[in-house]
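Q: One structure coming up, written as structure tokens, with questions to follow.
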């Protein structure tokens, strides 16, 4: 069947309000004959259904986001979005008719879909106010932009508060953030990525969650280090492995894939994916669960990897039936079973696909094909895997498998140092940061203790980087402390941990002001440990004033008791008792107060309290 001429052709914008988008500023032909031929062979579709599948791939993906249930006013946002006047209050929807509605199968109206692609929100003038609203909500942690299908791994892992969870390939962090919400910020979450720059992106993305139980590390997932003695290595209740993949299931949001798609992309990743999966099992506790997922449509990256894992560990793992599980969690969500068979093929010089039925048939010149790719001795349990196809419910393509670890799979030894040395340049690592407990006798701690009346235990949950100038002090949960202290050999490459609690300021002031100021994100944890420099305020209008002004006069505070308590120069935490909000201010002169509220927290306050 000939492919329809599906091209994305954007000439000059129809009006000055609609500039060309980056991805559309040139013609992208949404067609790839090799890809079409390949999936015509692999997928069990009729000709008509394959055409619907193919045409869906050629259309842009709708915009979706998830609401954070940990946010104190998330229900207010849901009610706002459900209001018939919500869109009309932001945009002229007669000029730009779009819809925003809850995803029907996602629990508790926490996931929403906008009937336009992300780039239209960004570039079309009439819709920009909605984009600004969503951006502000994202920056303050009230929502997270995430593709619908990538929300599935977090849901099927059956996460609950107090669990210890590892996300092996976590960047850019949307799945990690989802897991944090599901565990209500309680327990331990370790987010890892092989690339140092992406690991730092994780830190930036996840700081919006404001939790003290997070550790970000930088390791190749297939060689994640063992922590603790050989006979009692640290293991996790849940492990998520959303492995590096060819990504053709995400082609609707990454149209460049139409031009770059090659069979070798998938075949070249198969071995790495299998290695990562094996390491993930090792790091999972017996009785725990491990989720394997890709945004690839290719069975070589999906069913073939799962099948190889079953062959290697026939008595130690079992696949959970995701079809029944998802019917219960997400009623109405359409998933299909994993493939019962697939083909191992390779293009010849003319571009025709040649099928091989066994490794013995593969020419020596083709190095990318591995014996584990062939559908030999496959298990019927592969049908318990879940395939998500774009044309079923207007999503991206996705594959997910949930494993239950029932046997005592051994914990492999820590990575070979020679491997680390050999691969260091490829991994783009940024050096090993060593975090240490803040010394109780240090001048830094004594200054904080005296100035703020800090009453911690005494420093057991305050950490800083070894050998640094102590510009930043972190507050960590007890679970993070145990995890870090269990790494006796300092094998972990830690990028960040916990939440920033205090940062060194550069104010030119008298020596009476502590050189450390508290960080807004950490107030839910450290404010309760302060016996000084914390005042209650009954004047909620004053919060509106300090959110909207660069500085205010202390005489503006209508709560006289609060005014009196802010006597000396320096930092204060003001707690607005009626709404239970806390902010940091600096009294810099006898009657001038400067708000020390980060921009994203200002936006959060404005969104939560519409009168501000």
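Start at 1 and count along the chain as shown; that gives each residue its number.
In case you wondered, yes, glycine gets a Cβ from its N, Cα and C as well.
All annotation found in TrEMBL is predicted automatically rather than curated by experts.
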Q: Out of 1-25, 26-50, let me know the one TrEMBL marks region 'Disordered'.
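A: From TrEMBL, the annotated region 'Disordered' range turns out to be 1-25.
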Q: In whole Å, how far is residue 295 (active site, nucleophile) from residue 242 (S-adenosyl-L-methionine binding site) when you measure between their Cα atoms?
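A: Here the two Cα atoms lie 8 Å apart.
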Q: Excluding 169, 170, 171, 172, 173, 174, 175, 193, 242 themselves, which residues in that chain have a Cβ inside 8 Å of the centre of the Cβ atoms defining the S-adenosyl-L-methionine site?
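A: Other same-chain residues with Cβ inside the cutoff are 167, 176, 191, 198, 202.
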Q: Between residue 171 (S-adenosyl-L-methionine binding site) and residue 295 (active site, nucleophile), what is the CA-CA distance rounded to a whole number of Å?
A: 14
Q: Measure from the CA atom of residue 295 (active site, nucleophile) to the CA atom of residue 169 (S-adenosyl-L-methionine binding site) and give the result in Å, rounded to a whole number.
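A: Distance (Cα to Cα, whole Å): 13 Å.
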Q: At its widest, how many Å does the recorded S-adenosyl-L-methionine site span between Cα atoms of 169, 170, 171, 172, 173, 174, 175, 193, 242?
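A: Taking every pair of listed residues, the largest Cα separation comes to 13 Å.
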Q: How big is the gap, in Å, between the Cα of residue 173 (S-adenosyl-L-methionine binding site) and that of residue 295 (active site, nucleophile), rounded to a whole number?
A: 15
Q: Average the per-residue pLDDT over the domain 'SAM-dependent MTase RsmB/NOP-type' (53-406) and send me the rounded value.
A: 94
